[in-house]
Amino acid sequence: MTNHSPHSKQVYLDHSATSPLDPEVWNAMEPYFSDSFGNASTLYSLGRKARTAMEKAREQVASLIGAQPTEIYFTSGGTESDNIAIKGASRHLKNKGNHIITSSIEHPAVLETCKHLEKEGFRVTFLPVNEEGIVSLRDLKDAITPETILITVMHANNEIGTIQPIKEIGALAREKGIYFHTDAVQSVGKIPVNVGDMNVDLLSISAHKLYGPKGVGVLYIRRGVQIDPLFHGGGHERGMRPGTENIPGIVGLGKACQIAEENLDHNQEYITQLRDHLIKGVLEAVDDVQLNGHPLKRLPGNAHFSFKKVRGEPLTFLMDAQGVEVSTGSACSTKKVEPSHVLRAMGLDGEAANGSLRVTLGKENTPEDVDLAIKNIKLAVEKLRTPASVQGMTEIVPIERYNALFAPEKSFKTFTPPSTPGLTPGDDEIVVDEQVNLIINEKFRRSFSISPDALEDFTRGYLLGEGLVTTINGIKKIKINSLDINVEIDLTDFDIKDLVVGSDCFGGWRRKIETINRVESEFTLSPDDIFQAIDELRDEARVWQNTGGTHVAGLVYQDKFITREDVSRHVAADKVIGAAALAKVDFSQSFMVYSGRMPADMMIKLARVGIPIIASNAAPTSSGYSVAFKAGITMIGFLRGSRFNIYTNPQRVSLE
């Protein structure tokens with residue numbers, strides 16, 4: 001299996017995560033890795049040369065943002081700049097107040113810093129945003145108190161690209177005598193930034209977002225603004241950021257700022273045209289898609305979409321396999337499984353938040369790159385929406401495939417292995433599992449590790465199979481919020497004390513078994529019915545075919561067939577039972593086919609809903625056998641070729 005489809009190169013469309021190093025930037029940096037390696041704090045010529053280069057870079061940064069060179073402090077990047085600004089300002093001003101205001105969609109570098117300060121006794125207000133991700137000035141005004149000492153609101157969002165009304169926020173802060181910090185990591189070098197016009201006191205920059213090197217950034221501190229340093233040492237950066245300066249990185253940052261300033265208008269116009277073409281193309285090519293963020297007040301290169309019935313992670317893997325590199329959101333948090341806090345703050349539901357894709361363009365991209373992205377987004381979404389790739393159940397991962405190519409020598413009994421069996425890089429599809437929480441009547445909560453699809457079917461089937469309801473009419477409400485299932489049921493005929501934690505491997509609840517329901521049904525089937533159903537189960541197991549990672553359950557009734565797959569064998573059965581109950585199937589005239597072993601808890605589920613027959617390619621456990629016998633369930637298993645075993649109640653299998 002090859003690693004990618006036959007594209008000559010990868011098309012990089014994730015510039016909000018990082019940008020490629022501009023060749024001119026590398027040329028400026030390279031001497032300071034070799035001959036010009038001096039320490040800027042020394043007095044001899046090498047040191048003086050380093051100092052001169054650093055001060056030139058300081059001027060280049062200042063020129064780009066309309067600041068004075070003395071207001072520029074070099075750091076290791078945007079996260080450090082945010083930390084110094086927020087912690088330094090808050091701690092310096094703690095005798096004046098303890099209230100900080102920020103937005104609910106900030107980068108983790110800001111949000112986590114504010115949460116840390118809460119532990120130090122500061123009070124933080126997290127402002128809401130509207131459906132386009134914009135902070136309300138009215139909400140900000142209402143949040144200000146006499147204790148407010150700092151406002152920190154990002155210039156442009158790293159996920160959706162929305163640009164905040166920074167000038168107006170800064171003017172309000174200035175009027176109230178409150179320090180104002182903005183994280184401008186995503187905006188500097190892409191759109192005009194002038195610290196004077198924006199009324200900011202503190203501003204953060206990261207070099208690698210504007211074609212500079214990683215590991216270097218800037219904190220702008222307006223003249224006259226006092227903050228406490230986080231570190232202490234040799235007095236570098238006027239005591240604000242001690243430690244030997246990263247001269248190659250600083251030189252690279254300065255050069256990147258110079259290039260950005262010289263080409264800002266052209267790049268902004270060109271990249272905006274590419275972005276608009278991308279957005280128009282995706283919205284026209286794909287059904288059930290929405291653009292997230294403000295349609296106009298957004299960064300030139302940012303396009304952020306949500307697709308229904310698609311999960312973002314598998315979508316990015318498929319795009320990568322086709323030679324296009326995109327992401328689901330913040331590069332600092334995309335390894336987390338929970339939905340984007342930005343999208344949830346904007347009011348998007350779990351499906352939209354989990355089905356998001358961020359495409360961010362740069363100056364080196366071409367219209368052909370955009371056309372390729374549109375084409376492959378369409379193809380990837382269509383593939384993920386087909387039954388062969390059930391939404392949310394699989395993802396693509398890199399693998400090394402072992403090819404043991406044995407060659408026959410003189411007979412088929414003797415094989416000679418190759419001298420160097422090969423490992424071939426490639427991609428493979430694996431099954432997705434998530435932790436799903438079931439909350440009953442806002443009181444009882446359990447977590448399940450399951451495949452995150454068909455959650456309503458799971459809920460109905462689980463409640464029926466565990467005896468918490470006797471019919472689906474006992475379920476008053478099911479509300480799914482991302483991976484939380486809130487259900488309201490009628491418990492008037494059910495003793496709460498009987499709700500106990502069971503031993504099911506997926507951690508579900510089980511009601512104490514006082515008596516086992518006996519299934520009374522005269523339903524019969526033939527061996528041909530059994531073999532046909534098992535064959536159909538294999539054919540319908542699309543995710544299992546692609547991954548080998550799921551259990552499969554099916555229910556046969558009136559020549560119809562319902563199948564569901566899940567990483568949990570119990571949940572696969574629950575989902576089938578729930579779907580069948582919604583379809584008003586007469587369970588007494590049906591039978592279940594199943595891919596896993598047949599334990600006691602599975603037999604109890606069948607007895608509760610009244611399914612008279614189960615057939616599996618596996619065998620029962622001893623406790624499963626006992627329950628099936630007592631419940632009157634016909635248990636068929638160990639199907640191999642044209643044979644099978646009937647373990648209990650064989651009268652329902654007609655051999656005529």
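Each Cβ is built from the backbone N, Cα and C atoms, and glycine gets one as well.
TrEMBL: automatically predicted annotations, no manual curation.
For GLY78, THR79, ASN158, GLN186, SER206, ALA207, HIS208, THR244, the entry in TrEMBL reads pyridoxal 5'-phosphate binding site. When secondary structure is read from DSSP and collapsed to three states, GLN186 (pyridoxal 5'-phosphate binding site) falls in the coil class.
Per TrEMBL, the feature [2Fe-2S] cluster binding site maps to CYS332.
Annotated Mo-bis(molybdopterin guanine dinucleotide) binding site per TrEMBL: PHE638, LEU639, ARG640, GLY641, SER642, ARG643, in sequence order. In the three-state DSSP classification, GLY641 (Mo-bis(molybdopterin guanine dinucleotide) binding site) falls within coil.
Residues or ranges marked as domain 'Aminotransferase class V' by TrEMBL: 11-371.
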Using the centroid of the Cβ atoms of PHE638, LEU639, ARG640, GLY641, SER642, ARG643 as reference, list every other same-chain residue with Cβ within 8 Å of it (recorded Mo-bis(molybdopterin guanine dinucleotide) site), in sequence order.
PHE644
List only the single closest residue to SER642 (Mo-bis(molybdopterin guanine dinucleotide) binding site), chosen from the binding-site residues GLY78, ASN158, GLN186, HIS208, THR244 by CA-CA distance.
ASN158
So what's the average pLDDT for the domain 'Aminotransferase class V' (11-371)?
93
So if I measure Cβ to Cβ from GLY78 (pyridoxal 5'-phosphate binding site) and keep only same-chain residues at least 6 apart in sequence, which ones fall under 8 Å?
HIS107, ALA109, ASP183, VAL185, SER204, ILE205, SER206, LYS209, GLY217
Taking the Cβ of each of the binding-site residues and counting other Cβ atoms inside 10 Å, which one has the highest number: HIS208, ARG640, ARG643?
HIS208
Round to a whole number and give the Cα-to-Cα distance in Å for the pair ASN158 (pyridoxal 5'-phosphate binding site) and PHE638 (Mo-bis(molybdopterin guanine dinucleotide) binding site).
55
Helix, strand or coil at THR79 (pyridoxal 5'-phosphate binding site), per DSSP?
helix
